[in-house]
């Protein structure tokens, strides 16, 4: 299905009965065509936090939880966010014999839409803790050049030629939803092993996404691909934690080496 057929940006009725068919898959293949040769584009996970989950237990009593969805980056489809919100709303008045039954139903439906195994972990509403970012924040540096659209020529190696392993992060990631034009805000983590990158050039590159139209997953994959091609690290991880919209936040992570997969976190802006 094409994104133009999705419910994004359209007025919709919120379902009050279980409707798995509201889930809208979007094929990853088209946005990945130019990166097909790059190692790591399909390695990683998309983590979603769902803050508006509710269903009825066997006695008809409402239950609430926070959910973490784990979607493999190798899945043929991602799931459009508004359709996911509508899907979870459709479960609000549905009875389940147990919490496990609820989890299994959601995993079955999301796996069918994604075309791969999707996992759901539930947290009590007070249990999903806020983490502090680890690594070196590059936000106070002064870039040499600023652009308003992604420009891979901004990426440079440090003149020292030093070999390093480092984790950097920036809170300045901003892009736009390609359908609604609404701004998406995020923190991006970059773990890098190889010749030292110029940190100022990395910040300039991240800032260059401010007027870019792209889904969260596509932005992370483009960042990964541009760094991989232009800076040629031995190993690379790119992980973005986006702020919440409509009760959901999306957190894509791509890695060149699966041993570099981080644990999912929730930051203060989420």
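Every residue gets a Cβ built from N, Cα and C, even glycine.
Swiss-Prot lists 177 with the feature active site, thioimide intermediate. If you look up Swiss-Prot, you'll see 184 marked as active site, proton donor. Annotation comment: Swiss-Prot describes 79, 80, 81, 216, 217 as substrate binding site, evidence class sequence analysis. According to Swiss-Prot, the feature NADPH binding site maps to 81, 82, 245, 246, an assignment based on sequence analysis.
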Query: Which of the three DSSP states, helix, strand or coil, fits residue 245 (NADPH binding site)?
result: strand
Message: Suppose we draw a 10 Å sphere around the Cβ of residue 81 (substrate binding site). How many other Cβ atoms does it contain, all chains included?
response: 23
Query: Expressed to the nearest Å, what is the distance separating residue 245 (NADPH binding site) and residue 184 (active site, proton donor) at their Cα atoms?
result: 9
- line: DSSP output for residue 217 (substrate binding site) maps to helix
- prompt: If you measure residue 246 (NADPH binding site) to residue 81 (substrate binding site) at Cα, how many Å is it?
  reply: 9
- request: Inside 10 Å of the Cβ of residue 246 (NADPH binding site), count up the other Cβ atoms and send me the figure.
  value: 13
Query: Which three-state DSSP class does residue 82 (NADPH binding site) fall into?
result: helix
- request: List the Cα distance (Å, whole number) between residue 217 (substrate binding site) and residue 177 (active site, thioimide intermediate).
  value: 11
Task: Other than 79, 80, 81, 216, 217, which residues of the same chain sit close to substrate? List them in sequence order, counting a residue when its Cβ is within 8 Å of the Cβ centroid of the site.
output: 26, 46, 48, 78, 84, 215, 250
Query: Which one of these binding-site residues, 82, 216, 245, has the sparsest Cβ neighbourhood, judged by other Cβ atoms within 10 angstroms?
result: 245
- prompt: If H, G and I count as helix, E and B as strand, and all else as coil, what does DSSP give for the residue listed as 'active site, thioimide intermediate'?
  reply: coil
- prompt: Over all shown protein chains, what is the count of other CB atoms within 10 A of the CB belonging to residue 217 (substrate binding site)?
  reply: 23
